[in-house]
């Protein structure tokens, strides 16, 4: 075995697991921890929320742009964002990890550290998983949540007259990817960091549910595309305000990057995915829980599922499609 | 779009989902079905069992040897086997599917049909998933179960004096793989079919729990390797009977294939993985639930974690290691 920089193929499966496990929290809700055929997790209200998301090397990330820790943290965050988008508190993850034998062990340890970084502060346990060799790195995470007695907040509950609100960053990840692609990360390293490892506002999901949100979803494919999904599920139209006004703080933050690249801030705001902000609707007059801000209103269903500033949106792209938009990572 | 034999890249993600969903049962325990950010599943006793297993093309299966339906069925079965090995009733799956754009849509539909075939008779819902492109097919499944008020049957509960028992086929999958590798599938097509898509006796898991099993696990890496894991977790030694006697019916079934290939039946019985039989221990005197049969006794811990016919096992291999045993599919 080489003295330094060992790769995955230098270790047995058990050796690799022994390197990974110390980085992973068990979680206080875990009754039977990893190491058996399956784990057992509490579900105090008699239900559990479950969602699955896969990250594939050279589709969703590049190893030359992202560390193992970035990828681990991001893989966890995007799954946790789906859990909180139902109004649930995240409680447990399982992780399927495929990696080439030539992957440095330190990269895999970094990935475990990134998972742990995302999960530990929330008392989310990493309760199981599976390891396999394969031609590229693939991280498949299934995340679980507890509705704490509340109804799930679905996409289908928005009603005409509701307020449309958004929590979290918008367009940052898309701008960060654009800077990386143009080899200009120096223009705004903060946006690049947000691309590598987004910072969704996870507490906002359960807070929105407690405040009476009528519909909610995680924005992973862009505001337009995901907004249309929510509108379609609810049988309504979303009337968004002019995005440069509704997302004024984000627009200011994105201005320098847009100037440097000759890009359009509004396009990033409307079609940039994977900031994992929360799009929600609330009955009119309900005080919006922090950090939700109003970005529009719900109207009765009309020809367009989403209007922006009263018009059909003019943005060129409408979001990401896995099997169509090929040739570069999703972000 | 081509008129016949479309491939995944010819379809949008939504089109592909529309082809997949009709094959997948929702399950009667599913409160919020697929289509939202996450699903919601009932957990009536306030706990859920969760396990994750990944199948990777050219590591765990070859597309020239297995249909999509075989792979889907097998992926579901091996996860369901982990759930029942805790003594739980399987209730729900989520599926992360990675596939090259050049994969025929019919192959992916077959995979969905195979998942459905495995899940529908058990009222297991396929409650969510994720699709991505990637260089090879990878199927990552997370399965969930309901302990129905019982304690989980762990690997660590075997005690000296207990009976060691096994339910299901043993060595069939290994023999089937050996026949395929030698290009002699004609010798015993039944074994080859079992390799492509095993038939674990899933009802035996909850039955064993109800009968008072002290320890249990799914045998996926071979009787020796997995037996050692159970012995180590329980702090005991497993004293197995001579496997040609304990597994007399399996040995008879494997004889023709072994003769044809010059292989050793005992080796298949001891090290062949992925029949997903259940290895369990029961207090002496407890009537074994069908189809468990006695294969040995539990002894106080001695130098060897597993003995066979009173001796340390002589079999060459000790089971599969993902990052070591390379160059051919696991089975």
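Cβ coordinates are placed from backbone N, Cα and C, and glycine is handled just like the others.
Curation plays no part in TrEMBL annotations; they are all automatic predictions.
The domain 'PurM-like N-terminal' feature in TrEMBL is assigned to A:35-145.
Among the features that TrEMBL reports, Mg(2+) 3 binding site is placed at A:37, A:82, A:218. Counting every protein chain shown, the number of other Cβ atoms lying within 10 Å of the Cβ of residue A:82 (Mg(2+) 3 binding site) is 29. In the three-state DSSP assignment, the secondary structure recorded for residue A:82 (Mg(2+) 3 binding site) is helix.
The Mg(2+) 4 binding site annotation in TrEMBL covers A:37, A:51, A:82. A coil conformation is recorded for residue A:37 (Mg(2+) 3 binding site) in the three-state DSSP classification, outside any helix or strand. Taking Cβ-Cβ distances under 8 Å and a sequence separation of 6 or more, residue A:37 (Mg(2+) 3 binding site) has no neighbours in its chain.
Annotated Mg(2+) 1 binding site per TrEMBL: A:53, A:130, in sequence order. In the three-state DSSP reading, residue A:130 (Mg(2+) 1 binding site) counts as strand.
The feature Mg(2+) 2 binding site is assigned by TrEMBL to A:53, A:82.
TrEMBL lists A:60, A:274, A:320 with the feature substrate binding site. Under DSSP, residue A:60 (substrate binding site) is assigned to coil, being neither helix nor strand in the three-state scheme.
If you look up TrEMBL, you'll see A:129, A:130, A:155, A:220 marked as ATP binding site. Counting every protein chain shown, the number of other Cβ atoms lying within 10 Å of the Cβ of residue A:220 (ATP binding site) is 25.
In the three-state DSSP assignment, the secondary structure recorded for residue A:221 (Mg(2+) 5 binding site) is coil. Here TrEMBL flags A:221 as Mg(2+) 5 binding site.
The region 'Disordered' annotation in TrEMBL covers A:308-331.
Annotated compositional bias 'Basic and acidic residues' per TrEMBL: A:321-331, in sequence order.
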Those residues of the chain, 6+ apart, with a Cβ under 8 Å from that of residue A:155 (ATP binding site): A:215, A:216, A:217, A:229, A:230, A:233, A:234
Rounded distance in angstrom between the Cα atoms of residue A:51 (Mg(2+) 4 binding site) and residue A:221 (Mg(2+) 5 binding site): 16
Listed binding-site residues (A:130, A:221, A:274), ranked by Cβ neighbours within 10 Å, top entry: A:274
For ATP: widest Cα to Cα gap among A:129, A:130, A:155, A:220 in Å: 32
When distances run from the Cα of residue A:129 (ATP binding site) to each of the binding-site residues A:53, A:60, A:82, A:218, A:221, the nearest one: A:53
Assigned conformation of residue A:274 (substrate binding site) - DSSP reduced to three states: coil
Members of the binding-site residues set A:220, A:221, A:274 whose C-beta sits under 8 angstroms from chain B: none
